[in-house]
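Annotation source Swiss-Prot lists transmembrane segment at 13-33, 37-57, 76-96, 103-123, 206-226, 240-260, 274-294, 311-331, 332-352, 373-393, 406-426, 462-482 (among others), citing sequence analysis.
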Amino acid sequence: MPFDPLLFAQNTVILPEIIVIVCLLIVLVLDLIQENSAWLSTISLTGLVAATIALVFQWNHPSANDFLGSIQVDNFTISFRGIITISSALSILISTEYIKRAGMGLAECLIFILTATVGGLFLCGANNLVTVFVSLECLSLSSYLLVGYAKKDVRSNEASMKYLLMGGASSSIIAYGFSWLYGLSGGEIELSKLVDGITNHIDEPIAVWVALACVVVGIGFKLSAFPFHQWTPDVYEGSPTPVVAFFSVGSKAAALALATRMLSIVFPSIESEWHVLLELLALLSMIFGNLIAATQTSMKRMLAYSSISQAGYLIIGIVCGNIYGYTGMITYMVTYIFMNLGAFGCVILFGLRTGTDQIRDYTGLYLKDPLLAFCLSVCLLSLAGIPPLAGFFGKLYLFWCGWKSGLYLLVYVALITSVISMYYYLRVVKSMFTRETKEQSSYVRNYLAPSLSLLPTTSIEVGIALCVFISTTLGFVINPIISATSETLLATNTIVG
């Protein structure tokens, strides 16, 4: 029988993960042969693009299990795995220039990002407690190393230690919750088989509630949802900016997939209870994330608190508990990739040219670098939900799904806090476009403006251009994307009846 690559991609459940692992090994070996080779980034990007293509081939095919049922593949998991590979590829695009100029080892950073990507990919489809925990730790350990990657920077070392201690505590809590689930189910580890144990012990609510609370706390930490967000501002501020960009999307996507599958599959008998818990997390995250973001003076800290509020918006999709809520969550997550990574790319580029990330230092940027000011403005306005940018349509559909599901309080709070977010996003845009020379910051006054060119010349400029283009145009094709996603999720998804 002749080899059919399409059939191979469809029937190999973990083909995308295999591609990324092979790519990781090639980067490792190549760096041993030729340190900081120019091919390292190209190989990493090629592997991630190939993994994304493999996911496209798997899309809309019957659900499949592999490795004795430890990995589940359906359109829901494929969607989130695609989000992770795309966000990793964009993170590498916008980080390569930064790493080279900072004099840090490129191979190590790429290896950590690819390892975290593998952990995130497996976590999205993990179908038993062991696979979930191992995948989560693969993602977490790589993240700790990425945070402390700039080892000569005291702030990076401090951030790494904080993240390690708090991450270790959250892993311990979720492992404790898993031990309760294992005991309640009579020794089962597969997610679908844990349900009977929970149902049989519904008359012992304390045991079930302890297990649920531990799972929610562990996932809340990864989502950086309030009040489990304490690590986020300090880690975001102390970490290298490209690392922060990767965290803001990649780990959040993996945590969302895990939260949706764990809660929907394992705890259907107490659905109303965990809905209340998640509604509370969403409300607190949206309110406090936006209020505190409005007081920040650092761009990285502002985007950190903004990501907390974004987690609150995304949780609305989980609480909906239906195909439309999941579609809204995935749609908004796709728009979030490009507008958030685009904003971080602009912050990285400005930091490389000025050495600062303070909001006041962006004053008057338009006069020196109109293209960078325009790109950052587009991404921030999209994050704020200003039409006709992609962020507006993503938020609109997600909030509509929440309204149709009867989550009126959540939607009202989401709308009010979205208005609050406009204040701190527009504040940056306003300061960049001030025309008074005397109001320019000293950093902008001494800014070495590049020659004006519409064609990107470096990898970071390519990444920013791609994010800005998609953030601008995605809204015009959002309806076909929503329709296709909802139809295929309804046809093949295993977490929705």
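From the backbone N, Cα and C atoms, a Cβ is placed for every residue, glycine too.
Contact between the transmembrane segment (332-352) and the transmembrane segment (373-393) is present: at least three CB pairs lie under 8 Å, with pairs separated by 6 or more positions in sequence.
Using the rule of three or more Cβ pairs under 8 Å, pairs at least 6 apart in sequence, the transmembrane segment (37-57) is not in contact with the transmembrane segment (406-426). Residues of the same chain lying 6 or more positions beyond the ends of the transmembrane segment (373-393) and with a Cβ under 8 Å from any Cβ of it are 306, 310, 335-336, 338-340, 342-343, 345-347, 350, 362, 365-366, 418, 421-422, 425-426, 428-429, 432-433, 464-465, 467-468, 470-476, 478. Cβ atoms under 8 Å from those of the transmembrane segment (206-226) belong to residues 136, 166-167, 170-171, 173-174, 176-178, 180-181, 183-184, 198, 232, 251-252, 254-256, 258-259, 262-263, 266-267, 270, 273-274, 277-278, 281-282, 284-285, 287-289, 307-308, 311-312, 314-315 of the same chain, restricted to positions at least 6 beyond its ends. Residues 76-77, 80, 83-84, 87-88, 91, 94-95, 98-99, 102, 104, 109, 113, 116-117, 119-120, 123-124, 126, 132, 136, 139, 143, 146-147, 149-150, 153, 156, 219, 222-224, 300, 303-304, 307, 310-311, 314-315, 317-318, 326, 329, 333, 336-337, 340-341, 344-345, 347-348, 351, 357, 495 of the same chain lie 6 or more positions beyond the ends of the transmembrane segment (240-260) yet place their CB under 8 Å from a CB of it. Away from its own ends, the transmembrane segment (76-96) comes close to residues 16, 20, 41, 44-45, 48-49, 51-52, 55-56, 58-59, 106, 109-110, 113-114, 116-117, 120-121, 124-125, 240, 242-243, 245-246, 249-250, 253-254, 256-257, 260-261, 326, 330, 333-334, 337-338, 341, 344-345, 348, 459-460, 462-464, 466-467, 485, 489, 493-495 of its chain (Cβ-Cβ under 8 Å, at least six residues beyond either end).
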